[in-house]
There are 4 protein chains.
Amino acid sequence: MALPVPLRGVIPPVCTPLDAHGEVDTTSLTRLVTHLLDGGVHGLFALGSSGEAAFLSDARRATALETVIKAADGRVPVLAGAIDTTTARVLDHARTAADLGADALVATAPFYTRTHPREIAAHFRRIRTAVGLPLFAYDIPMAVHSKLPTALVVELAEDGTLAGLKDSSGDDGALRRLAVRLGGRTARRTGPAPGFTLLTGSELTVDAALLAGADGVVPGLCNVDPAGYVRLYDAARAGDWERAAAEQERLVALFDMTDAGPESEMGRSSSALGSFKAALRLLGVIEHGATAFPQLPLSEESVAEVGRRLTSASLPPVR
Amino acid sequence: MALPVPLRGVIPPVCTPLDAHGEVDTTSLTRLVTHLLDGGVHGLFALGSSGEAAFLSDARRATALETVIKAADGRVPVLAGAIDTTTARVLDHARTAADLGADALVATAPFYTRTHPREIAAHFRRIRTAVGLPLFAYDIPMAVHSKLPTALVVELAEDGTLAGLKDSSGDDGALRRLAVRLGGRTARRTGPAPGFTLLTGSELTVDAALLAGADGVVPGLCNVDPAGYVRLYDAARAGDWERAAAEQERLVALFDMTDAGPESEMGRSSSALGSFKAALRLLGVIEHGATAFPQLPLSEESVAEVGRRLTSASLPPVR
Amino acid sequence: MALPVPLRGVIPPVCTPLDAHGEVDTTSLTRLVTHLLDGGVHGLFALGSSGEAAFLSDARRATALETVIKAADGRVPVLAGAIDTTTARVLDHARTAADLGADALVATAPFYTRTHPREIAAHFRRIRTAVGLPLFAYDIPMAVHSKLPTALVVELAEDGTLAGLKDSSGDDGALRRLAVRLGGRTARRTGPAPGFTLLTGSELTVDAALLAGADGVVPGLCNVDPAGYVRLYDAARAGDWERAAAEQERLVALFDMTDAGPESEMGRSSSALGSFKAALRLLGVIEHGATAFPQLPLSEESVAEVGRRLTSASLPPVR
Amino acid sequence: MALPVPLRGVIPPVCTPLDAHGEVDTTSLTRLVTHLLDGGVHGLFALGSSGEAAFLSDARRATALETVIKAADGRVPVLAGAIDTTTARVLDHARTAADLGADALVATAPFYTRTHPREIAAHFRRIRTAVGLPLFAYDIPMAVHSKLPTALVVELAEDGTLAGLKDSSGDDGALRRLAVRLGGRTARRTGPAPGFTLLTGSELTVDAALLAGADGVVPGLCNVDPAGYVRLYDAARAGDWERAAAEQERLVALFDMTDAGPESEMGRSSSALGSFKAALRLLGVIEHGATAFPQLPLSEESVAEVGRRLTSASLPPVR
């Protein structure tokens with residue numbers, strides 16, 4: 001389907017359920033997509049960090065993306081992460097995603113290597129021209145260890161290289177500066193890059209990002225509670241900021257599930273993604289809560305804690 | 001004066017004007033305080049990072065604080081930074097501040113050394129008990145290279161060690177989690193630390209912080225445009241979030257002045273503080289725009305750029 | 001061929017020459033291997049950071065490795081980098097390397113994601129058991145943004161998971177502590193992990209690493225001057241530390257070529273790898289000096305500087 | 001006394017023993033200086049990181065420095081740390097040190113603030129000209145979070161601003177590059193900065209630093225075993241690198257005492273400095289093992305572990 005310009009709404013970074021052998025559980029993934037669409041989301045982002053793209057072999061990535069696209073069935077656009085160290089490798093993923101029918105690509109700055117902004121610009125330009133799909137820059141310094149400079153994003157927005165930005169930097173001040181550079185809340189659509197889409201990857205400051213003029217939101221926690229983020233989005237769009245903030249607060253409390261795994265025992269990724277998957281299993285959406293190897297599993301006690309968080313947030317477990 | 005509990009409103013981190021010899025220009029500083037009070041601010045924070053505390057000798061710190069307290073003349077509370085590497089050194093500053101009549105203290109976690117959260121807790125507890133003034137924790141990882149853990153702040157809020165937090169971490173997600181842990185927008189005053197004050201040090205996401213439940217704001221740029229931040233604060237308090245966001249956008253554009261000094265030629269601190277002081281000089285508030293040694297001065301061209309930013313933000317230079 | 005236990009000597013991380021289209025220039029690569037073997041090296045490490053593995057598609061990686069193995073023709077062992085974000089992806093590269101005839105594997109800790117030491121241990125154990133080749137851990141925090149803890153390396157050395165460590169951390173103090181934990185210069189071969197191989201990736205402190213008990217050295221600059229590093233190695237093995245240090249100093253001066261590209265204009269990776277390749281072209285070893293996209297090319301002036309460095313180090317350019 | 005040019009030998013960063021009230025225990029400190037001089041050291045560095053300068057009030061700093069100078073009694077030169085955030089504050093410490101009779105000053109780059117290399121250069125130049133004492137730059141990125149660029153040190157060495165460098169960066173490759181830039185092992189004394197002194201702050205790679213051409217060594221662990229470091233230094237000076245390395249290995253094993261305090265329970269500074277002081281107490285040199293507040297004390301079990309390390313290194317506890 002043609003990607004809306006700008007892309008607006010709630011676009012969850014879809015988790016990738018796995019079976020007992022670490023293979024993509026396509027039945028659970030299909031059910032998860034249904035769960036998200038039933039929640040009212042406006043798009044799907046497959047093979048992002050929450051989708052554990054960094055943990056999936058090429059074959060598993062293709063299976064996951066194919067399953068999401070098939071399950072979405074054209075009802076909402078599907079963005080596909082093309083996550084790899086540098087341009088040539090990203091291009092291989094990007095071409096696969098295009099072949100499988102993705103509606104847009106999401107790529108980070110190069111990582112593993114030390115890169116100059118001019119090299120990052122060349123990277124995005126090459127991807128854009130080599131593959132005929134709208135391209136979103138994925139700003140995620142926690143993973144790639146560089147922050148996309150605001151001036152660089154503006155340049156690539158203005159010249160049409162980028163269709164949008166998914167900001168997972170946690171730097172809401174920089175997001176605000178970018179929004180203002182592009183014209184701000186009232187003039188962005190007539191500014192230097194009128195179709196440019198601003199998305200926040202935050203779970204915790206979605207109301208703030210929307211107040212700042214973001215078009216959409218891509219929160220990992222949305223896998224667990226899509227309807228909640230849609231309510232938050234709708235309240236913000238309606239200008240009911242008090243209601244948006246109240247919904248945000250409920251979701252902030254729910255997000256505490258990501259601390260279920262003790263920091264002394266597992267990585268932060270294992271704990272966060274493990275809690276999302278445990279929640280989805282407790283809610284009856286997916287079959288297994290396992291994260292991809294070598295992430296360590298949540299203990300029974302941690303899973304019980306996830307269950308308590310669900311209950312507190314009015315999302316009672318069904319098993 | 002007794003510190004309001006909680007402390008609410010706009011509390012600028014007061015710049016410290018210097019004369020041609022690097023000494024505190026008390027006449028200019030007095031005029032700056034008047035400028036801020038005329039703008040409607042609700043408190044003053046002396047000897048913070050914007051006040052160049054890290055650059056001032058003990059004697060100059062005392063002069064600056066004394067001048068601010070005298071100029072405020074009891075009309076608003078004065079918070080005093082007690083910035084130093086570890087507890088014993090902070091205590092010396094804290095006692096001086098108490099003697100000079102400060103209404104509250106602001107202290108960071110230890111820096112220069114590598115410290116454990118339990119040691120940070122002991123640090124704040126010792127400061128609180130040794131000096132009979134309300135104590136605010138200053139969370140500024142950019143300067144001290146550690147982030148105050150949310151659980152630690154909650155613990156020190158609940159047991160009464162901390163009167164509040166000045167969050168200059170730029171991590172608005174963490175600020176939101178803290179606000180929710182303390183009860184959130186509706187229940188924070190009846191929560192586990194009912195009098196605890198949440199302040200954001202951001203210039204760029206003040207509307208968002210207030211939407212999240214912050215009590216007050218401490219933006220360095222407020223030195224330049226106190227009335228703007230007071231308008232933003234008032235709009236937010238009145239629930240007019242659209243107006244708050246519009247004011248915020250104007251201030252975000254004004255904040256671009258902090259990039260006036262090229263990154264290849266000077267430190268980020270020199271550029272930001274230099275632009276604030278250049279603006280205050282152009283507005284006729286202070287006499288000299290010099291920052292403290294060894295910060296490099298803005299070029300004439302950079303000062304002209306600051307002037308253009310002022311004009312764009314409807315704050316025309318008077319010289 | 002069977003890998004010597006321990007693996008000793010000079011084992012260059014082989015550069016990957018590219019043609020004008022960015023494809024692996026197998027003729028130049030074959031010539032480079034001959035150049036290295038003629039210089040007296042004791043092994044070859046293909047697809048490391050100096051080999052630009054992070055920039056090569058799977059197909060180009062396979063071509064490069066195949067070419068190196070064929071050119072080595074069993075005269076020295078060939079180690080193959082299996083560089084990717086996490087275990088499943090590393091395994092795909094590792095199996096290809098095994099199929100192509102590599103003698104050992106080199107893998108980093110997971111990157112892009114945030115990982116716990118227990119997860120890193122599981123990662124290396126799974127690779128070791130899934131592929132029947134000796135496994136070297138590649139400690140390169142500059143790229144993967146975590147440092148392998150000494151205790152973890154000791155554990156994986158003792159239980160036979162790791163055949164060795166390639167230390168590119170630049171932390172020579174930690175390398176020394178590891179060497180002593182394993183028994184030190186005199187007792188390491190009878191210590192808890194008698195066959196364990198310690199390799200340093202440093203260009204600049206090779207004499208020091210050998211004095212500390214390292215078995216071998218993997219310096220990127222060795223591509224340019226293999227004979228120099230072999231002389232350094234031989235002097236150290238002969239206990240002639242003064243001669244080793246003198247040779248090291250010549251190579252340190254030669255290493256200044258890596259600064260040929262101005263930091264304001266290109267990434268540090270482009271400058272370093274670009275200078276190695278420019279030098280190899282000037283020496284007549286490879287055809288083109290191009291680095292992989294999106295790295296920026298050295299300017300003519302920078303290439304001339306590389307030429308001057310070669311001349312100063314008694315390696316006069318032939319073109 | 002006049003400072004030797006260059007300054008050569010073992011120059012321990014003297015610990016600051018404290019009494020039960022946190023005051024400087026001058027009797028123990030005097031005994032510690034005697035212990036160090038008896039061990040054969042060639043100079044003393046007071047008020048460095050190992051001296052807990054960051055934890056001492058101005059009054060305690062003065063007491064500590066005065067005690068060291070008096071105890072040294074002109075037998076070896078005394079260097080004094082002047083550790084503070086920026087120039088004006090450093091100058092106050094520097095003047096006190098000069099008044100108390102220090103033979104040289106040691107200062108870091110500015111910290112707490114974000115500083116440009118040109119500002120760092122101005123900082124050192126101002127200190128040098130304002131106080132008539134030889135000035136050593138203290139490169140300690142772990143504490144000040146910036147690394148002194150090699151080119152900057154060369155510039156300040158050549159123009160006479162700096163008498164030397166104390167390198168506590170742990171980056172032995174950079175130290176090697178600096179040494180070569182200054183002429184290397186054979187030509188440094190006739191190079192661009194003939195009198196410049198290179199000191200390493202490493203405990204673990206002293207033999208390597210001396211092989212690279214360092215003039216002297218400033219290891220914190222030297223407080224515990226001065227005679228060991230002097231033996232290591234003498235062996236290196238005599239060109240007996242095997243004996244130097246063997247002594248270094250014994251000291252590396254002894255350094256494991258710094259891990260006595262569990263990372264989950266205390267800061268790394270507390271554990272390292274706590275272990276040095278516990279060792280000095282067990283050896284009968286100082287009265288109390290306490291570190292400065294808010295550092296947490298070692299447990300009894302950790303102190304016992306320190307004792308075992310001493311015994312293993314042939315330094316049996318006397319209590």
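Cβ atoms are placed via backbone N, Cα and C, with glycine included.
The feature active site, proton donor/acceptor is assigned by TrEMBL to A:Tyr138. All protein chains shown were included, and the count of other CB atoms within 10 Å of the CB of A:Tyr138 (active site, proton donor/acceptor) stands at 29.
For the recorded site, A:Lys166 (active site, schiff-base intermediate with substrate), the DSSP three-state label reads strand. Annotation comment: TrEMBL describes A:Lys166 as active site, schiff-base intermediate with substrate.
What TrEMBL lists as pyruvate binding site is A:Val218. Less than 8 angstroms from the CB of A:Val218 (pyruvate binding site) sit A:Ile11, A:Pro12, A:Pro13, A:Phe45, A:Gly48, A:Lys166, A:Ser168, A:Leu199, A:Thr200, A:Gly201, each of them six or more residues away in the same chain.
Listed recorded positions A:Tyr138, A:Lys166, A:Val218 compared with chain D at a CB cut-off under 8 A give none as close ones. Under the DSSP three-state reduction, A:Tyr138 (active site, proton donor/acceptor) is assigned to strand. Using a 10 Å Cβ-Cβ cutoff, A:Lys166 (active site, schiff-base intermediate with substrate) registers 27 neighbours.
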